[in-house]
Amino acid sequence: MGNSTRKTTLAIACLVLIWGISWSIYKVALPYTPPLLFAGMRAFLGGLLLAVFLIPTWKKMKWRQNWSRYCVSALLNAALFYGMQTAGLVYLPGGLFSVLVYFQPVLIGLFAWLWLGEKMSLLKIVGLLIGFCGILAVSADGLQGQISIVGVVLAILTAISWALGVIYVKRESSKVDSLWMVALQFVIGGALLTGAGTIFESWSDIVWSGGYVFGLGFGATLGIPVAFVIYFHLMHSGDASKIASFTFLVPLIAVATGTLFLHEPFTFSLVAGLVLIVLSICLVNYRSKKQKVRIASEA
């Protein structure tokens, strides 16, 4: 039991660290590449790498029965999410952008109530309201012209797309193999983004610098396939509430790395928004964590 707990803790720590540092890594790579091509290539290569490892289980893919599910998930979790995320990082510092995107766990609570029939407790309602206040606080500089309002809008749309994608996968999870869902959503979504980048951007604008190659390599290995394999392993192990409880660390790490290594601005509105969003995530996930403890004690 102790060994299992240690493995779970290590897996969550690795996942949070990968997601936390990814914002700064992608921010460093962006000056050397058009955003759509960068997002598309790392998603496509990451999905393809995972698919190669899944070839021995190809029968679980069941393409004919599940192609529409793969395509919807690809649109929400890959094409829209990574497309808007990468484009948004052009306009905003990585730390600030991540704070806005990680309003997503709070949105999941709202969407799960609307479409999955999950209960909306008083704590969740308070958490949602506090989260909205956090968004307003972070966006205050944008309304004053100090940061890009386009970047703020892209960050919020990224969070909405990701939340809808998670809800969709949760609803359809019993009908598809989770690993094939991850692999194919990134192959399809990455292909869509790369196609869009080919039409609207130029391959000749890519500068194959060390920063770009590292960012692309990180995204195509750790950032997408490894992170999502860890994520779904934890989800299927019954550790969803633990993941939710530690989600707030991702924007904290993103802000810390952005401030320390990229000298991104550390403003009062960013701190206020970060604190409010972290508090909202804790409140929204508190009930599910409490339920898990109670269920474990009754077993």
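Glycine residues also receive a Cβ, built from the backbone N, Cα and C atoms like all the rest.
The feature domain 'EamA' is assigned by TrEMBL to 10-139, 151-285. Marked as transmembrane segment by TrEMBL: 34-55, 67-84, 90-115, 122-140, 146-167, 179-200, 206-231, 243-262, 268-286.
The average pLDDT the prediction assigns to the domain 'EamA' (151-285) is 89.
Take the transmembrane segment (122-140) and the stretches 34-55, 179-200, 243-262, 268-286: counting Cβ pairs under 8 Å, 268-286 has the most. Under 8 Å from some Cβ of the transmembrane segment (67-84) lie the Cβ atoms of residues 35-36, 39-40, 42-43, 47, 154, 157-158, 161-162, 164-166, 168-169, 172, 175-176, 180-181, 184-190, 192-193, 196, all in the same chain and six or more residues away from its ends.
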